[in-house]
Every structure is written in C-alpha cells, then in structure tokens.
Amino acid sequence: MAGILAWFWNERFWLPHNVTWADLKNTDEATFPQAEDLYLACPLAFCIFMIRLIFERFIARPCAMGLKIQANGPQKAQPNAILEKVFTAITKHPDEKRLEGLSKQLDWDVRTIQRWFRQRRNQEKPSTLARFCESMWRFTFYLYIFTYGVRFLKKTPWLWNTKECWYNYPYQPLTVDIHYYYVLELSFYLSLLFSQFTDIRRKDFLIMFLHHVATISLIVFSYVNNMARVGTLVMCLHDAADVLIEAAKMANYAKCQILCNLLFAMFAILFMSSRLGVYPVWILNTTLFESWEIVGPYPSWWVFNLLLVLLQLLHSFWSYLIVKTACRAISKGKVGKWNPLHVSKDDRSDIESSSDEDDSPSPNQKHHSSSSSSSSATNGTNKNHGTNGYLTGAQYPDEH
C-alpha cells in the first residue's frame, strides 16, 4: 500500500519541476491545500443530504401544495404475476407479438395489457410533487453557492486578470473562502452521487452518475495541485446556468407555461454564451496559454487541460441539443404551447382520464374481435388527454 500511495502521489506528475510536497506543507506563515482537507466533504455530504430531506419535507412540499401541484403519485398497475415477471425479467416495452401472446395467455385485451405496462413503468417514476421538491432544493443550493461565488470572486484579483491564477504558482496560499467554496461544492456533488442510489432510479442514471464522477474528479484534482484559483472561476461559471434550468423546471411542474418558456429561453442564452463563449475565451485561454507562458507544462497540467477540453466538447453537444429542441418546437408552430422540458409520452397521464377508463375493456373480458379492438383503440387514442402535472396540455396517443 505504501508503494501504491508513493506511485499515486508522485511529485513529478502532480507538481511543476523542482517543486515537492514538502514545499507545500502548511507553516505558520502560509496555508496550502492539502489532500486531507477534502476528507471533511464526506461527513458534510451526509449532512447536506439530511438537510435536503428536511428542506423538501418542511419547505419545498408546502410551497408545492400552495401551487396546487398534485401530491398523489402515478396510478399503480393491478398486481399480476405473469406481467410482473415479463416486466422485470424480459422487457418493459413488449412488442406486438409478445402482447398478442400475453393477451391469449391472460385472456386480456391487448390495449389493457399496454395500459398495464405503461402504468407499471410510471410507478418507477417520481411524482410531480417529488420532482418539484428536488428542483426547488437544487435551485436553492445553486442560487446560494452562485451568489457566494460572485461575492467572493469580485474581491479577488484573478477574476479581473486571469494571469493572477498562475503568478507565484504553486505557492499560492489557501484562503478560508476558497476552502469553504471547494468543500461545499464537493460535498454537494457527493450528496447527489449518493442520493442516486436512494432516489427512484431514472433512465438517465448512468449519464448523471458519470457527470457527478467527472465533476468530483475535477474539483479534487484542481484542489490537490493548487489550481484552486482557476477552479473557483470554473465552478462559478457553471453554477450560473444551473440556477435558471432548475427555476424553469419548477415553473414547468407548477404549470406556469409562459414563465417556464421565458426561463428556459434565458437559460439557453446564458448556457450557450457562457459555455461556448466565456468558457473557451476566458477559462481555456488561461489554462492552456497563460499558464504555459507563466508556469510551463508538466504531466498533471496536461491531464487537467484534457479534462477541461472534454468538458468543452460536452458543452457543444448540450448546446446542440438545446438548439435542436427549440428549432423543432418552432418549426412545428407550437411556440405558444411549447414545453421545452416535457419528456417522453411514457411520462404522460399517470392517472388515466375517466372517459378512457370507461371505454377500455376489463381485464376479465375476453379479447374482442379485430374490428372491435381497432375501434376501441381508436377511441382511446382520441380520448386519452390526461396530464400528469408536469406536461402541458399536449396530447399523446396510446402506445400501439
């Protein structure tokens, strides 16, 4: 283990030439970032997670109820051992052939089985109330940490002159503000990482897991080798857009469509201007060129800049998706009704409309003839206009 640790903390990788870890030990005159400083983030992440639970229960939930956001979850599918086995062991989206086989086996109508699978999928999705509470918690944290970052950075010289990030590097003393900023950001993302395993599992689980791991890695990496000054700039820049997207989600769940569209438009403008404009011109310029001129490259310098460049590629991809979503909505002439945050049709009506339920056959009824089934499916398509509290009046057909 000692050999592994010695290899991992190799000075020739982490630090510039002629600099050792002994040079960065804390003294009475100066304090420098130490890897063990970040151990505090683990218990603090647990505390943040508990604060989140309290916040969602006693602050976010009453706010949601005041906005008349439905508290009930999705309608549960009736218990059925055969369908449950297919759902858990084979597929959550059965094809037409399998649906016909299940219809004969259970003596159920095909459309009823389709509804069962849709309701069963929706059982694994959080309710609108839960989504609102989660977004309100993230909005509150992002707003606080972004406000703190701006108030802190406006007093620092490297906000106005990024070359200050590299003068006297790596012998730049650690201030209390930087330490607090780093530990709080790291604790928050650790809490998000942990909560993924306790929250209802979502289809973007892997993507968000990798996102959180990458964010945590960048925070730890920049702190350990004392690139904390430029790290604070990166964190503050990214927190700005996160505030608006969470606010747009809250407006979406509360069915404030005009406000949702406005906030999403502001988010899109801020996201693309900051991630495609400010980030490469301001951040990448200083990490790639100014640091090369003042400090010079060394192994961890290459790794750090590679991660930042990969982050820029992700910014470009996400911006493309934002523009694509907006262009698709505009081209369809749905600007007035456009909900930029709506999800797939699986996330539509959690509670079927009464007219749809009345027209659907009972599970105990025999499968009708093909002409009758076709007519029933057509009626269901025209009548199923329910919403689940976070879609906006858009009408989606039944799955066939």
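A Cβ is built for glycine as well, from the same backbone N, Cα and C atoms used for every other residue.
In TrEMBL this protein carries:
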- 38-55: transmembrane segment (TRANSMEM)
- 85-128: DNA-binding region (DNA_BIND)
- 130-331: domain 'TLC' (DOMAIN)
- 180-198: transmembrane segment (TRANSMEM)
- 205-224: transmembrane segment (TRANSMEM)
- 260-282: transmembrane segment (TRANSMEM)
- 302-323: transmembrane segment (TRANSMEM)
- 346-400: region 'Disordered' (REGION)
- 370-389: compositional bias 'Low complexity' (COMPBIAS)
Six or more residues out from either end of the transmembrane segment (38-55), which same-chain residues have a Cβ under 8 Å from its Cβ atoms?
136-137, 140, 182-184, 186-188, 190-191, 194-195, 220, 223-224
Who are the long-range neighbours of the transmembrane segment (205-224) in its own chain, taking Cβ under 8 Å and residues 6 or more past its ends?
14, 33, 35, 37-38, 182, 185-186, 189-190, 192-193, 196, 230-231, 234-235, 300, 303-304, 307-308, 311
Can you check how the pLDDT averages out over the domain 'TLC' (130-331)?
92
Run through the DNA-binding region (85-128) and tell me, per DSSP, how many residues are helix, strand and coil.
31 helix, 0 strand, 13 coil
